[in-house]
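Undergrad: Per TrEMBL, the feature transmembrane segment maps to 21-41, 61-81, 101-120, 166-186, 193-209, 229-245, 250-269, 275-296, 316-333, 339-359. Feature annotation from TrEMBL assigns domain 'Acyltransferase 3' to 25-355.
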Amino acid sequence: MLKHASPLKKNQRPITFSPHSYANNFDFLRFLGASLVIYGHTYPLSGRGNLDYLQALSQGLFPTAHMGVCLFFVISGYLIAQSLENSPSMANFIWKRSIRIFPGLFVAVFFTVFLLGPLVTNLSFSEYLSTSATYKYFLILKLYPYYPDGLPGVFESDDPMVNGSLWTLAYEFTCYLSLLIAFKVFRSYRKKIVLLLFVLFWSTFFFWYEPLSSTTGRLPLLNLRVFNLIDFGMYFVAGAVAFYFKDYIAYRGTLAVSMLGFWLGAYFLSQHTSFFPLSGIIWARYLALPYLVLYFTFQVSPLNFFGRFGDYSYGLYIYAFPVQRLVILWLGATTNVSQLVVMSFVCTLPLAWLSWNYIEKPCLRYKHILK
């Protein structure tokens, strides 16, 4: 937990690491986050509703796909804050973030338009390629405003969404830019500003969660839903707070258990008392989940070496949804969930491997060309 009085003592392990030293579990957790999203999406895509088995088992405490995305945002907040501190200029920071996101995304969109689309469209091949709507799908690369996710004749008998994971990238990139602006405007007070932002976001949801969650209000021009921006932003800022105050945060098993107990306690009170609101689960989760994620991140374990052969999490995330749609189309929506999940992994992992080794990793060699 945060200690304002003094930094960690010598017997409290400080959080110092290099992203390439394998002294943490970031790679494993990112992979886990992508896996949770794949599992959680299997249910609605196969017509089983949004309540997956883990969510039902926890009686709503753990919405699997959403938790996978939130896990990404916590980790991203920590690492992006570190990247910002190590970037010599705004241009360098924006370039590094862009080269991490857009090359892989472009190839994934190209794959979707020219490989997946022709396979499943109910139009002829020539009609599909001659329709302007086919090429408008590339507008997704703009991020803002997010273009409707559909291709002509593709999945039209069902939900026409082709890649229902990509919409979160706009929120991710907005978090990057927001942190950059806060860093530049309040450079001398950036630590306090980041902490203030977290308190502000948490307080906003504490008092106005119900009306915010039910509104569809969006930011003008960016077309980002306000509720989602605060929701994801909360986890991102929590990760940034953890980075900036890393010398004051102890990651101990007793504190992790306490945080888990706090989360479960909020769940119990919201379910079995009349005075504690249902949204109390969310308030507790905003505090507990970031701590638990980062507690596990810095544990010494064999999983520290999980990413030694590559970081496939981004590839999994951007390819899984359309692949899952294909798998369900071929095997049938009534196929056992476990089979659908396994087959989705089997088909998506090679694409993630190719994306990392031939697109993402080679592009990262140029991340320092802008100073």
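Yeah, the Cβs are placed from backbone N, Cα and C, and that goes for glycine too.
Describe the structural surroundings of these features, if you would.
TA: Within its own chain, the transmembrane segment (21-41) is flanked in space by residues 52, 54-55, 63-69, 71-72, 75, 79, 164-165, 293, 296-301, 303-308, 311-314, 316-317, 320-321, 324, 341, 344-345, 348, which lie at least six positions past its ends and keep a Cβ under 8 Å from the stretch.
Long-range Cβ contacts of the transmembrane segment (61-81) within its own chain (Cβ-Cβ under 8 Å, at least 6 residues beyond either end) map to 19, 26, 29-30, 32-37, 39-41, 50, 52, 54-55, 97, 168, 172, 175-176, 179, 194, 232-233, 235-244, 263-264, 267, 281, 289-290, 293-294, 297, 317.
Packing against the transmembrane segment (101-120) from elsewhere in the chain are residues 128-129, 134-135, 137-138, 140-141, 151, 154-155, 162-163, 166, 169, 172-173, 314-315, 318-319, 322, 325-326, 329, 351, 355, 359-360, 363: each is 6 or more residues past its ends and has a CB under 8 Å from a CB in it.
With a threshold of 8 Å between CB atoms, the same-chain residues lying at least 6 positions outside the transmembrane segment (193-209) that come near it are 81, 179, 182, 186, 230-231, 233-234, 237-238, 240-241, 244-245, 277, 279, 282-283, 286-287.
Residues 1, 25, 29, 60-61, 67, 70-71, 74-75, 78, 201-202, 205-206, 209-210, 213, 234-235, 238-239, 242, 249, 251-253, 255-256, 259-260, 262-263, 265-267, 269 of the same chain lie 6+ residues outside the transmembrane segment (275-296) yet bring a C-beta within less than 8 angstroms of a C-beta in it.
If you look at the transmembrane segment (316-333), the same-chain residues 6 or more away from its ends with a CB under 8 A from one of its CBs are 31, 33-35, 37-38, 41-42, 45-47, 72, 104-105, 108, 111-112, 116, 119-120, 155, 162-166, 339-340, 343-344, 347-349, 351-352, 355.
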Undergrad: Taking the domain 'Acyltransferase 3' (25-355) alone, what is its mean pLDDT?
TA: 92
